[in-house]
Every structure is written in structure tokens, then in C-alpha cells.
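Participant: Below is one structure. I have some questions about it.
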Amino acid sequence: MTPKRVGLYNPAFEHDSCGVAMVVDMHGRRSRDIVDKAITALLNLEHRGAQGAEPRSGDGAGILIQVPDEFLREAVDFELPAPGSYATGIAFLPQSSKDAAAACAAVQKIAEAEGLQVLGWRSVPTDDSSLGALSRDAMPTFRQVFLAGASGMALERRCYVVRKRAEHELGTKGPGQDGPGRETVYFPSLSGQTLVYKGMLTTPQLKAFYLDLQDERLTSALGIVHSRFSTNTFPSWPLAHPFRRIAHNGEINTVTGNENWMRAREALIKTDIFGSAADVEKLFPICTPGASDTARFDEVLELLHLGGRSLAHAVLMMIPEAWERHESMDPARRAFYQYHASLMEPWDGPASMTFTDGTVVGAVLDRNGLRPSRIWVTDDGLVVMASEAGVLDLHPSTVVRRMRLQPGRMFLVDTAQGRIVSDEEIKADLAAEHPYQEWLDNGLVPLDELPEGKDVRMPHHRIVMRQLAFGYTYEELNLLVAPMARLGAEPIGSMGTDTPVAVLSQRPRMLYDYFHQLFAQVTNPPLDAIREEVVTSLQGTTGGERDLLNPDQNSCHQIVLPQPILRNHELAKLVSLDPNDKVNGRPHGLRSKVIRCLYRVSEGGAGLAAALEEVRGAAAAAIADGARIIILSDRESDEEMAPIPSLLAVAGVHHHLVRERTRTQVGLVVESGDAREVHHMAALVGFGAAAINPYLVFESIEDMLDRGVIEGIDRTAALNNYIKAAGKGVLKVMSKMGISTLASYTGAQLFQAVGISEQVLDEYFTGLTCPTGGITLDDIAADVAARHRLAYLDRPDERAHRELEVGGEYQWRREGEYHLFNPETVFKLQHSTRTGQYKIFKEYTRLVDDQSERMASLRGLLKFRTGVRPPVPLDEVEPASEIVKRFSTGAMSYGSISAEAHETLAIAMNRLGARSNCGEGGEDVKRFDRDPNGDWRRSAIKQVASARFGVTSHYLTNCTDLQIKMAQGAKPGEGGQLPGHKVYPWVAEVRHSTPGVGLISPPPHHDIYSIEDLAQLIHDLKNANPSARVHVKLVSENGVGTVAAGVSKAHADVVLISGHDGGTGATPLTSMKHAGAPWELGLAETQQTLLLNGLRDRIVVQVDGQLKTGRDVMIATLLGAEEFGFATAPLVVAGCIMMRVCHLDTCPVGVATQNPLLRERFTGKPEFVENFFMFIAEEVREYLAQLGFRTVNEAVGQAGALDTTLARAHWKAHKLDLAPVLHEPESAFMNQDLYCSSRQDHGLDKALDQQLIVMSREALDSGKPVRFSTTIGNVNRTVGTMLGHELTKAYGGQGLPDGTIDITFDGSAGNSFGAFVPKGITLRVYGDANDYVGKGLSGGRIVVRPSDDAPQDYVAEDNIIGGNVILFGATSGEVYLRGVVGERFAVRNSGAHAVVEGVGDHGCEYMTGGRVVILGRTGRNFAAGMSGGVAYVYDPDGELPANLNSEMVELETLDEDDADWLHGTIQVHVDATDSAVGQRILSDWSGQQRHFVKVMPRDYKRVLQAIALAERDGVDVDKAIMAAAHG
């Protein structure tokens, strides 16, 4: 049974992902063969599922088939009516036979009430002998019901009502919900068309468990199968897929908001299609509370489909393609999407969504193309779609088409018509169903076409008074607002945050500060809002919705907002809306209502609560009175009336109207004085606002212009710049959570509350939780009152001269916010470690640890309970020399910091036997060998981040640990960045990039879009270095514990929990402050969740984030960590003085700079760093002795040794309840250790490479060439990588001569074929390949070509040969692919050469080197972020310019050198693959070469020109490059 919410564990945070496949006979011919093939496909996807602590209890597997009428007639002892005239479904019932019988009787009563007859029940034959104890203990009773009384869609609708009533009335509940009747009745399906068998099973167990699936009489014309990978191990049979209509590979990121909006829409649904008009109420709530994201998607899809739409129509409403910026889209299709956007927001997130109603079967891919889906069609009408190629052994001679599902595209098989229906036909037919464009023209009201409103200017002293009342500081205006107005972009900062979270601050804080942005990590990816802007949208509408099931021309009667930030005059348009005002010659008919959000400040929290009730009541009254837009305004605050915090007002009204089920009848707009940062705007939208007018920030910008604070720009441009920066910032916040459209983000409330009471959250931010509790309305009112007093002084004559407070959030200021690192602590730390004086070090730690006055961190609220165990003598405690081996330095890249600083840390850690982390910038190979004096500059931990800078086979081989950086504490959900002025030639060489050209790491790893993708990369890295531990770095947030459980199940050796306050070399300032959570919360949740899952003893837990003292380490140990990372502190020890200018390359002490002159100022030494870590270890020993522990392992997870009494001394923090942080869970796995005591099974002994290594032994030992052939299947993953590791170990980075090891494979290569393969290895596949071919290619050669047995008329250049994300992070080598490949080909390629015959969207993204030849079409957004290398595209039809992202590249014609190189390369491709298109081009070279277009990055071209000029003039090339880089 799934545990209920306990401690910090919350079942609502569970995630899953999976493998999915469908097998269908296009002509609708039922056969046993289809069922067998579907089950075989499922077995070949087993590696995409998972098991937990008990291997025989799987995460879930299932199959959906057509109702097997002939089989069922023989299986039951009662007569069945004609096919299609009865429905059936397997019911999951209580285990007790008495309760099961009662449930059956209740279902029968409901069915009869709905006009259906229960024909009978059947006991479903099962065999549970293969199940593990967890699955068996949670196993329900299985009964199959048969219903009659209608046919066709009428039967489907009645069954739907019966099932929904059974769920609502008989107590089906979601995971972890309390109360009797949990999962009393659950129907995987109840239909006359389809039947689902599923459960908490492994893929091999499905057929073994359900004996029906072994019966040869059971037939179908289609089968959809699914293998589940969950982040937990708690069995829940209903959570397995398929669901009633769908099977899903991916995750819906916006599901909370989608469910809230669906709940609000229910009141508008008026239909008699399910019986009488009153019957529709029986269906509500449509979404089962607590159900999985996929289950809720399926429930809404059912409603839309059974409510009258075709299944394809319903799917496209929920997962529309990216139409907003698609300029070449057919206008009718665009109108279809725009119209439906007014009915429903997208269900956004990675999705390969397979669907069926039993006749049509199809799939759709999300707009970003984030899940793999491959399709095969055979000559006898068999159609297969799966997450991978090779799930079925189809003879190549029978396969006539090989396709892929493309972003936003739909694939559909209609078995009634016996054909594949094209995406174009589906959408053209749907677009023609109604006059959508006409409805839009008559209904939508563009904002800029409304009558103009007035904009009032305020004098300076009134603006200052308002700024004080709303908590503005000088720092905010100068560091945040002014740069946004000047530059149109968020300002950048560095070094992370070391100030208290809002609930611990002694200062009044904005309510926004108590909400931290959530972000995607592992279970779904963040999106790239910069390079993939083409699939994003900030456009929205406001003005209310209509009945979802009865659309007409009135359904889109709304105002169109191009983005959510309204200028003052634009808000005035909405305020003064007159229904009789005409737009396009017609009265628009829309009304607005302004509601004042103020309260009498003298009445405190009680007055605030009363005012909120008044505001909510006024909103409800306004809706009843016909208002379609409500404007929540705090503009008229004065001496007596204080503003209600805008976030509280918006969220409070939003949730009140959701509960009233009137929310969708009105749009919410905020006229806000307190919103000025990007985070503020994002929070307001995230909690329900359609638009924001931050009037005071506009007035502040105008005031700064008037006073000359902002210069060189006029008023209009400054305001436009601010709006542009804010909009881009909101888009980035959305993209952190993997959301593409503002409509999906609105109301999704993707935030974590830190330090807010459950009472406030339940009432005003419903759905959010904060296990520790926190501030109440009284405290919020106290913060407002403190600001209000500053604005309205007792003497009115003083008010005009009042100045803003300094701030001090981002930079230390004497009168500002408290910083853990301040001049005094920096001095003490450096003095103690440079002089080796432990006594002075203790003075430093006392300053940091002394929380009696400054409770600056959550750990500051904790104290040690020294009486729990008797103390032990210090000499009996584990020595410092052993403890220090648990320490590592945080990941700091070479490039962000200087070589001197980087190597100082490495030398010190290697001397101690500890570990340094090289960060994401690669490492100079010269450091891999020891220095003559015995020192070692090699970093023990090599990081693998999203850009894969410098990640080669040689790099991966030279380490003890490999760390996958999923997120960074200072900026989770974002990529890294290294400005061009810091990319000196020596940095570029290590990163395999171009000197002087700025580098940006993509926000996602493009090979990790889900938990099973992470498992694949862990497997890749373990193959690349079998002796290295593989780490996964996560950032603390709600739910990180369940992600960590998934990481453990994915076989990582170490999971790192980073705090939100980690350091960075460069990040937007708002990210630094408002994303992620304290590590104390994430670490405690991780420990508790791993224990509950029985996974704690198989994985090491590490923590980092502003660790500064032995006390910090001891508290982290007691909360569950056994290893510890330090970054800022050792950097300070090495000389950093916290100037926070790392991103500018101006570090005055030579730490965070590449400037040779500044680097000369570096004074750090390894000995200083050694002293620091030994001092920390000694302090830890002292604490261990006091607490009665002899070793660190004894102390790990012993949270009972901590107490929370210190929290009572803080005016806000005394309301925190830290008991959940210290909770010690009871687990079903009681024998497990609280620390890692066993090893993960990586399954390397089963790898195909073990055979390849044996067969290649002569080459590995002596360099003698070997050549051989073998077969390969999709289950053979990461082939060639371990072989490459052995070659690299023997021969280093130079490898062997090309082709020394030459292997030919026949079949379908599994994921990551040829990953990191070094020079000397050639791999050929006759067949096809999956995703990630040539990932990190390090000099090897890969050829993929169709099988020689392919049909004679097979046109390779029209068919798929490889998957997505091919050549990701390749640094050298060659790849030749005869055919078309998927999305993101050559992403981050930095040196490899490749030829391919067509690519999907986002080709050559972030490419920094190498050359790519494309002998076919490209998808959209080609060359986005491409800063180096060259692409040659064969473009006879002139389509490339329309698909090109021209921000960083330009198109050129070939010169003579280009033509010669291209001819030779195509010839090599033809020789390797027998390419027909290549041969056609070569045979008419003089005529065809003019059709090639050269794609050239501008910065790369500029650097090449600088090099050429320098060489011509005989000047220093490096200086010339950097001169060009610096402008």
C-alpha cells in the first residue's frame, strides 16, 4: 500500500515514465499474432521499466486490446449479445471476499439505475506465483463484469457514467489518501470496444499473471502495451498503464493547474448527451483527486471524446502543436488551434501519447518532441509504433516504411477504413468542421483595438512614498529594475545567495519571497526558452470561457493579450471597458469590474482576513452581475488603508472561484504596486492572473529617467525594454518546469511554499503544502504594517524627504540583510587557514554557528541533543584523516575560475585522499598524470553536464567518480553560461569550442527527458568507466526525495542534494534568489523517502550548499548525508573575497578570471585548502564524541540527536514545526542500514561489449587489426562504449589508427550505440539504430545503413534510419547515416564530421565545431545557438531559410575549398553506405553543388577572420582572438 503523507514524504510528488508500444493490423483483422507481437514488444521494452527494493515487484505493466468477443463467449457460462451490444471490464475489488461481493452488488445497483443490465460476473484467472511480496500484498480481487442495454456510443456513455459513479460513490481514492474504501472499486476499462489487463507487474509477469493472455483464443486487431518506471516502489495496481483510452510515455507538468481549471469548468457543462441534463453532475469531479498525471489526462480525454468529439479532435485540444509562432502553418489549421485555445489550456509536458477507441489507434507527440516514437509499416498491413526501434523482429524485406512521430504531429490508423490517415488530412478535416476563423474574427477582441485609456504621472515624492509602502529598496531599483529598463534583459550576478530565507529574515519580506519556483529535474526536462523559443508562447486571452462540450462562436469571446505585462494605458483600457464600444464595427459586449484590494492597517491580521473575504465576495458578485474581467487593484492605498499583498489577493480569489466553480467565467487582472521582479510576475500568473499591470515599477522607471539615474534611452524604449525583460524572464521561469505556453502555466501554481502555515495555504493557496508550517495572516499583516510605517511617518512634513532602505540582498551592506559570508567571517576563515591556527578557525565557526542573534538558516534553528547517547572519548572517534575522505569540492568549471584556483583545489583534495570536482568545463589532459613532485592536478570527480564540454572517452576514463549534473543550486532548471570574454584560447581548447565565442549549456540534458533516460545515461557512463561511481546531482525542492528514489532505482551510486544557496559563476539574479529550497528540507526528505522505499542502503547520499563549519556537516550527517561538498568556503580559503563579479572576468584576486594579469594576483596554496578540510574534520570529530558516535556511519540519519527548541526564539520562525524534518520513518524494509552498505547491480556482466572485448583482445593488447561481425538488438544498449574504455585505458587519448577494430552488426542497435567510442574503432550497423548514436563520439567511426534485405524499391532517404539526439556532445570522429534521423541531430557537436540524409527539428543546435552534411530536408529551428562548426545543407527546393534560426548564423554559397571538401565527404558516405541520393548528387556534381547552402556562425566566422589576419600580419593569434572577443 502506498504510504500516506508522513514526515516530508508526500505521495503527491510521485512521478513515472516508461516505454510504450502499439501493434495494429491496419485492416482490422483480429488474430492471436497481434496479441503475441504486442507482448513481445513489451518484453523488449523491459529496460525502460523498473523494479525497486524487491526485484519481483514491478512498477507496472499492461496491455489494451479490443474486446475479445469469441474468447469471452467461451469463457463465461451465460449468453452474450452481439458484439458491440455489451460492455465488459475487469474490476479491481477489495481483497476480502465479503467486501468484494459487496462491491459487486453496489456496482450492479449503479448499473441498473443507469439503465444497464448486469449479464454476469466472471472470476479472472490469475497466477501470482511470480509476484514479489509487495505486489502480492497489495493485489486486489479481480472480477470481470458484463453489461448490456445499449450499443455503440450510447453504451460507451452509459458505461462511463456507471464507472464514474462507482468511483465517486464507492470510495476510489488516489495514492496515499486516507479513509475507508480506498480503491474499493477501480475499473482499468469498462467498454464495449476495449479491454485492459494491467497491474503492478514486471513486463515478463504480465502474461504469466493473467492466464487469459496465454489463451490462444484471445485475439485482437490491435494491442497497446506499456512498461512503467516509477520513482517509488510502493505498489499501486491502478497506476499501471494503459488507461481507458491512452498509454503515455512522458509527464504532464501542468496537471495541477489543468485539474483546477477542469474543476472550475464543470459548472459550465450543460449537456444531455449522458442522459438528462442533470446526469452530467454525476460525472464530477472529472479528475480523480490524487490520481496520476496520466490518469487525469485520460479522464478529461474521455469526457471530450464521449461528449461528442472524435478522439483525434479531443487529443489535439489537449496536446496542440506549436501553432503560435508557426508562420507557414495553414491559416485554417491555425484558426482551429487558436479557437480551441480559448476553450482549454494545453496539457503541457513531454508526451508520446498513444490512444485508441478500439477502432482508430494513434499517437501524438508533444510540441517539443521530447519522447522517442518510431513507426514501421509492413507489406501485409502490420503497423508497429514503439519507444524504440527493434521491439519486434520484423524481416527487413517486409518493412515498406520506417517513420518517426514528429513534434506536434499525429499518427493515426483507422482499422475501419483499413488505412493510415495522415497528419495533414486529420487536421484539415478538423479545421473544416466549423468556420473557426469567422468565429475568431467575431469573438476575439485584440487589446490594441480597444479605446485608449489614460496614463497618470506621479511626482517624485509620491513615488518614493509608494515605493516605501511596497518595500522597494535602492538595491532592487539599481541592480534589478534599471538594468532591465536599459538592456531589455534580466541582470546577471554570481556567487549564489547566503542570506536567510524569508521566514528567517529579521526584516519584513514580500510574500512572494516565501514561494520558491519549482523546476524540472530527471522526471521531465526543463525547456530551452532561448534557443527553442519557436515552440513557446506568452500570448493569452482573458474574459471568461463557455461550455466545453457545446462550443460555438461565443466560446472565443475574449480579449487577446500578446503577453502578460500590461502598460498603464493598457490597463486603463480594461478598466474603462464599455460593452457598447465597437471593435471591428461591432459592440464587444465585455464588462470589467475593479475591486479594491486594501485593508485597514490598524486592524492587523484580522482586518486582512476580513478584507480578503470582502474581496472574494465582491468577485463572486461581479461574476453574477455579468463582469467578464475582474481587476484586483491596490493603487488607492493611503495612510489608513494598506495594500493586500497582490499574490494573496490573486490566489485567494482564484481558489475561491475554483471552489465556487465560477473561475472560468472571468479573467483576473492585477493592478499591482508590489510586483517588480520577474519572480513576482511569474508567481502572479502561476496563481491565476491573466495579466499584471505593475504600475509602480513603471512609475519608478520614469522617475529614474527624470532624475538621470537611467541615461541614454527614452521613456518608451525603457518601458518596452522592461516589459521585454520581464516577459522573457517569465518565459524562462515557465521553461524551468518544462512548460511552453503561458496558458498552461496560468494557475498551475508550480511553487514551493517555504515557511507558510497550512491554514494560509489551505485557504488561499489550495493544493500547496508546507510540512514545516510557518507564518500566518497576522505575520503577513505585520510585514505589510512595517513597510507601511516607513511610508507614512508620524510627521507628514518628513515624508517628502524619506529615502529607501539600502536592501543588501545581493551585495553585503552594513545596514542591509544578514549574510553568512561577511567581511568578518571571510577574514577569520582566511587568517586561520593560511596560518594553520585551529584556535582562530574555531573563532570563525563560532561566528557562523552563533545563531542566538542571527538565525540565518534552517539548521540554525536546530541544536544537538547531547544526552541521548553517552559521550565517547575523542581518541576513540574515527580520525580526521578518514573523515576528510568524505569531503569533495563543489563543481566549479575551468573557465569560470582560473587554472591556478582550479588546480590548487585539485592538488589539496588529492593530497587528503578526498575528491575535487572539475565542473562542467572539461579538464586539460596534462593534468591526468602526476607532477614530478607527486602532486596530482587531476580532478577525481568528472562532471557530465548538459553541454558535455570536453567529455571524451579519455576524460571519462581518468576519474574515480562521474557526476551527472541535473541541476545547480543557484539556478536549477537553467543551463550554464560562460561569456565570450572569458573563453580564452586555452579554455576553448579544453571545451572543444571556439575562442572568444560565448558558451551556453542547454537547460536540459538532451539525452535525459525522463527517469528511464537518466537510467540510460547512468548505464552509458558506467560502461565508459566501470570502476567509477556515478553520481546524480539534484537540487532541493518539494518531491526531491521521490526523484532520489528513482535515481537509486536507475542504479546511480551517489545522489547529491544541493541547496538553493549554492554558488555560481553567472546566473540571472532572480534565479539565484527564488528557485530551489534549503538543503535541510531536501536532504531530510531524501533520507525519509529512500528508507520508506527500502533503497537507502544501496546509494550514497551527499549534500552541498553553503556548508561552512563542522556543525553544518554534523547536522547534515544526522539528517542523512554521508558525504559532503564544499565550494564557496574552499574558494574563499584560496583567496576569494566575495566581490561577486565572477561573470565579468574582473576578479581582483585571480580566482574567477582568465585574464593573465589578474591571475598573477592569485595567492592561494593547496596547504590552505588542506588546513580548512582538516579543521572541518576535527570539528566533526568533536561533535561525534559529544553525541556518542564513534564513526560517521553510526551518526548518519540519526535525526533523534537533533532538537528544535532554538526555533522558538525567532519572531517568525517560532511558528515553524521542524518535527517533519526530524521524522524517522517506519519502513517495511526494517533491516536496511541508514547509510550505503551495498553496491548497485549495473548489469555490466551481461553487456554485449563483454563479448566484443574478448573478440578484440589482440587489438587491445598489441594494436593488431581485428574485423568481425555479429548481431544486435534494441536490448543491446551502449554497444562499443566499454570496448572504447578498454582501448582508452591502453592507448590514452590518441587511440589507435582508424579501423583497427572494425565490427559489423546486423539488426536494430539499442540506445547510445557507439557512445564515446574513441579513435581506432569502426562500428557498422546493417539495419537501423535508436537514440543517441555517437553520443560523445571521441574519434571513432560509425556507419548506419539499411539492411541488404530491404525491399528493392525501398527509398532510404525517405525513411528513418536513426533516432533523436544523435552525435550529442561529440568531439571528434565520423558518422555516416543512410536515411533520415530525428530531432536535435548533432546537438552540441564540437568536432565530429557527419553525413545524413534528412534531420528533424532543432538540427545542429548549440553546435560549436565539426562539419555536418545534410543531403535532405531539415526540420524547424535549424542551427539554433550554433556558434561554431559548419553545416552544408542540400536544399534544391529553397526550404532552408524558412526553417533556419538565423539569430547566430548566416547562409553562404560554397567556395572552392568547401566544394572540394564536400565532394570528397559525400564520396566517403557513398562508399560506406551505398547512398543513392549521394550517388545522384555526385553523378551531376557540377549541376548539384549549387543547391548546397553553407550555414556559417557569425562569431565563428569573425574569429576565423581574426586568426587569418593575425597570421598574415605576424601578430599573436591568441591576443587577436581575445581582442575580437572583447569587441
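The backbone N, Cα and C atoms fix where each Cβ goes, and this holds for glycine too.
Feature list, courtesy of Swiss-Prot:
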| type | residues | note |
| --- | --- | --- |
| DOMAIN | 18-416 | domain 'Glutamine amidotransferase type-2' |
| ACT_SITE | Cys18 | active site, for GATase activity |
| BINDING | 1083-1135 | FMN binding site |
| BINDING | Cys1136, Cys1142, Cys1147 | [3Fe-4S] cluster binding site |
Participant: By CA-CA distance, flag whichever of Cys1136, Cys1142, Cys1147 among the binding-site residues is nearest to Gly1125 (FMN binding site).
Facilitator: Cys1136
Participant: Roughly how many Å separate the Cα of Cys1136 ([3Fe-4S] cluster binding site) from that of Leu1118 (FMN binding site), to the nearest whole number?
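Facilitator: Here the two Cα atoms lie 30 Å apart.
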Participant: Taking Cα atoms as reference points, which of the recorded positions Cys18, Cys1142, Cys1147 is nearest to Leu1090 (FMN binding site)?
Facilitator: Cys18
Participant: Near the [3Fe-4S] cluster site, what residues other than Cys1136, Cys1142, Cys1147 in the same chain have a C-beta no further than 8 Å from the centroid of the listed C-beta atoms?
Facilitator: Ser494, Met495, Ile897, Leu1131, Ile1137, Met1139, Arg1140, Val1141, Val1149, Val1151, Ala1152, Thr1153
Participant: When the number of other CB atoms within 10 A of each residue's CB is tallied over all shown chains, which of the binding-site residues Leu1083, Leu1118, Cys1142 has the maximum?
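Facilitator: That would be Leu1083, with the most Cβ atoms nearby.
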Participant: According to DSSP, does Cys1136 ([3Fe-4S] cluster binding site) fall in a helix, a strand, or coil?
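Facilitator: DSSP call for Cys1136 ([3Fe-4S] cluster binding site): coil, neither helix nor strand.
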Participant: Cα of Cys18 (active site, for GATase activity) to Cα of Arg1111 (FMN binding site): how many Å, rounded?
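Facilitator: The separation of the Cα atoms works out to 42 Å.
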Participant: Within the chain of Arg1111 (FMN binding site), which residues six or more apart in sequence place their C-beta under 8 angstroms from its C-beta?
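Facilitator: Residues satisfying the criterion: Thr845, Asp849, Arg859, Glu1179, Tyr1183.
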Participant: Just name the winner among Cys18, Val1132, Cys1147 (the recorded positions) by count of other CB atoms within 10 A of its CB.
Facilitator: Cys18
Participant: About how far apart, in whole Å, are the alpha carbons (Cα) of Leu1083 (FMN binding site) and Cys1142 ([3Fe-4S] cluster binding site)?
Facilitator: 29
Participant: Per DSSP, to which secondary structure element type does Cys1147 ([3Fe-4S] cluster binding site) belong, with helix, strand and coil as the options?
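Facilitator: The residue in question, Cys1147 ([3Fe-4S] cluster binding site), is coil (DSSP, three-state).
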Participant: Tell me whether Arg1111 (FMN binding site) sits in a helix, a strand or coil according to DSSP.
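Facilitator: SS state of Arg1111 (FMN binding site) = helix.
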Participant: Fewest other Cβ atoms within 10 Å: which of the binding-site residues Asp1097, Asp1104 wins that one? Let me know.
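Facilitator: Per-residue Cβ counts within 10 Å for the binding-site residues Asp1097, Asp1104 bottom out at Asp1097.
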Participant: Counting other Cβ atoms within 10 Å of each residue's Cβ, which of the binding-site residues Leu1090, Cys1136 comes out lowest?
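Facilitator: Output over binding-site residues Leu1090, Cys1136: least Cβ neighbours within 10 Å is Cys1136.
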Participant: C-alpha of Leu1118 (FMN binding site) to C-alpha of Cys1147 ([3Fe-4S] cluster binding site): distance in Å?
Facilitator: 37
Participant: Around Gly1125 (FMN binding site), how many other CB atoms lie within 10 A of its CB?
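Facilitator: Other Cβ atoms found within 10 Å: 26.
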Participant: For Cys1142 ([3Fe-4S] cluster binding site) and Asp1104 (FMN binding site), what Cα-Cα distance in Å is obtained after rounding to a whole number?
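Facilitator: The Cα atom of Cys1142 ([3Fe-4S] cluster binding site) is 20 Å away from the Cα atom of Asp1104 (FMN binding site).
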